[in-house]
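Features of the protein shown, as given by TrEMBL:
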- Asp33: active site, proton acceptor (ACT_SITE)
- Asp173: active site, proton donor (ACT_SITE)
- Ser8, His64, Gly140, Phe141, Gly142, Gly143, Asp173, Gly174, Gly175, Gly195, Ser196: substrate binding site (BINDING)
- His31, Asp33, His64, Asp173: divalent metal cation binding site (BINDING)
Amino acid sequence: MSVRISPSILSADFVNLERDLHRISSADLVHVDVMDGHFVPNLTLGLPVVQRIAEVSPLPLDIHLMIDDPDSWAPRYAETGAFSVTFPAEAASDPKALARAIRSAGSRAAVAVKPGTAIEPWLDLLDEIDMILVMTVEPGFGGQSFIDDTMPKLRTAREAVDASGLDVWLEVDGGINDETIVTAVRNGADTIVAGSSVYGRPGTPEPAERIAALRAAAGRVA
Ligand code: DX5
Ligand code: ZN
């Protein structure tokens, strides 16, 4: 099956962000991690920066909110013209209303579940959402190791989505490389976030080569 690749700019050079956005133009989406220093311990960027990224990005924005009070903030991120806005399951007070607000602002609505968060309550809301993000690390930082124990949850989501016949995408985020992408796709992921394995370190292969390698690895899944 062919998967969508969404490189995370958390591992890009924030001082040369426009250049680094263009270095991933062979991907499908660009994953933008918004962290507020409260919902997660880390702090990244906020609405004005995302608005500017939306203006210069060659790819549609896959915004991943790791913030408190997504009910207030997520629709404003959708108004940047984002392709997709993902809110954290654990912080949403009225998920159905929030998903509707994101959709009516013109974005696909998605919910993210941390490794320890159950998926079952969200399977009743499948007709209200366009994507489920199964976090494969604890949110907050790039460069962590993939948590295999999240795979049964991903399989449960895949079975429910297939049984529903709805067009709900299943995204994974955290610790994805040429090996773990195979595990994730085998367990039902169709949309793949990769940060450190795409941007790497200076002197390592270019992001375009890394994106191609991830696609090739996913393509070998029977
Ligand atoms: C972590 C972020 C991820 C992060 C992934 O909380 O949500 O998007 O950039 O980084 P890697 O691919 O390095 O694990
Ligand atoms: Zn993310």
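Start at 1 and count along the chain as shown; that gives each residue its number.
Just so you know, glycine gets a Cβ as well, placed from its N, Cα and C.
Curation plays no part in TrEMBL annotations; they are all automatic predictions.
Everything TrEMBL records as a feature, shown here on the structure.
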{"residue": "Ser8", "record": "substrate binding site", "contacts (Cβ under 8 Å, 6+ apart)": "His31, Val32, Asp33, His64, Gly142, Asp173, Val193, Ala194, Gly195, Val198"}
{"residue": "Gly140", "record": "substrate binding site", "contacts (Cβ under 8 Å, 6+ apart)": "Met35, Val40, Pro41, Asn42, Met66"}
{"residue": "Gly175", "record": "substrate binding site", "contacts (Cβ under 8 Å, 6+ apart)": "Thr136, Val137, Gln144, Ser145, Phe146, Ile147"}
{"residue": "Ser196", "record": "substrate binding site", "contacts (Cβ under 8 Å, 6+ apart)": "Ser11, Gly142, Gly143"}
Going by DSSP, give the three-state secondary structure for His64 (divalent metal cation binding site).
strand
Can you tell me whether DSSP puts His31 (divalent metal cation binding site) in helix, strand or coil?
strand
Beyond the site residues His31, Asp33, His64, Asp173: chain residues whose C-beta lies within 8 Å of the centroid, for divalent metal cation:
Ser6, Ser8, Leu10, Val32, Asp62, Ile63, Thr86, Leu133, Val193, Gly195
Of Asp173, Gly175, Ser196, the recorded positions with C-beta less than 6 Å from an atom of ligand 2, in sequence order, are Asp173
Taking every pair from Ser8, His64, Gly140, Phe141, Gly142, Gly143, Asp173, Gly174, Gly175, Gly195, Ser196 (the record's substrate binders), the biggest C-alpha distance in Å rounds to 17
Cβ-centroid neighbourhood (8 Å) of the substrate site, Ser8, His64, Gly140, Phe141, Gly142, Gly143, Asp173, Gly174, Gly175, Gly195, Ser196 excluded:
Leu10, Ser11, Asp33, Val137, Gln144, Val193
Determine the Cβ neighbour count for Gly142 (substrate binding site): the number of other Cβ atoms within 10 Å of its Cβ.
19
What does DSSP say about Gly140 (substrate binding site): helix, strand or coil?
coil
Tell me the coarse DSSP state (helix, strand, coil) of Ser196 (substrate binding site).
helix
